[in-house]
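Worksheet: the structure to be examined is printed underneath.
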Amino acid sequence: MSSCEILPFSATLPDTVIFDLDGTLVDSAPDLTGALNATMASLGLAALPEAEVRHMVGHGARKLIERGLEAHAVPKSAGEIDALVDYFIGYYAGHVADHSVAFPGVVATLNWLRARGVRLGVCTNKPVVLAKQLIVALELDEFFPADAILGGDSLTVKKPDGRHLIATIEALSGDLDRAVMVGDSATDLNAARDAGVPAVLVTFGYTPIPAQKLGADAVIDHFRELPHALTQVLDRTGARH
Ligand SMILES: O=C(O)COP(=O)(O)O
Ligand SMILES: [Mg+2]
């Protein structure tokens, strides 16, 4: 990936980079929409368009279903939502990578970072079993140690709580002062702020508020811009020695 090679000679990369999954590494909205709509159909409710569902992603499976029900103005009890979450997860597990793909440049950039010794992890609010299933299905598992993939149910807290991100960095024995979070939403940015870690946001993800307006340390339109952004955010935070 030649466009990644134009870093200044002295540029310093982070020790550890932690990625969000949905809307950052993987364009998973088509399969999430399919699973949500199967869940809605189980209630006799109409399908929601993917363009609407993609902005509902990022807070875990339960929140996705709650937002789907809100879109139909159909209230459900907590117990009924529990059952719908089970239905959703069962369906999605069978369709996790029917249409989902890594965003352009992801594989080349992960290879580039790995070749330079950068530790790589995933911090997602997706249930961890599904996150690992998706990562394996898209053959991204070669980049991430299984125990450095933390889902929304891996701990008692999840993003935007910074402890979710810190635990992912610790799973890699990474240096918290030289780590960077890469995400697509305010949830990722707030987790990074809470953890005291700089954040790069992608513009092609699922945030309902444009990434450029969220106040990240850097914003990228394509993964090829990531190496440069990573060095910039470390510099801007005083290299965080
Ligand atoms: O909402 C989800 O299921 C997960 O979303 P995330 O990978 O963007 O954290
Ligand atoms: Mg996301």
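Please read every residue number as a count from 1 along the shown chain.
Backbone N, Cα and C atoms are what each Cβ position is placed from, and that goes for glycine too.
Automatic prediction, not curation, is the source of TrEMBL annotations.
In the record from TrEMBL, residues ASP20, ASP22 bind Mg(2+); the candidate from ASP175, ASP177, ASP184 listed for the same site is ASP184.
In three-state terms derived from DSSP, ASP20 (active site, nucleophile) belongs to neither a helical nor a strand segment and is classed as coil. Within 8 A of the CB centroid of the Mg(2+) site residues ASP20, ASP22, ASP184, the other residues of that chain are LEU21, GLY23, THR24, LEU25, VAL57, GLY58, THR124, GLY183, SER185, ASP188, VAL202, GLY205, TYR206. Long-range Cβ proximity for ASP22 (Mg(2+) binding site), meaning a same-chain Cβ under 8 A and a gap of 6 or more residues, is found for SER28, ALA29, LEU32, VAL57, GLY58, THR124, ASN125, LYS126, ASP184, GLY205, TYR206.
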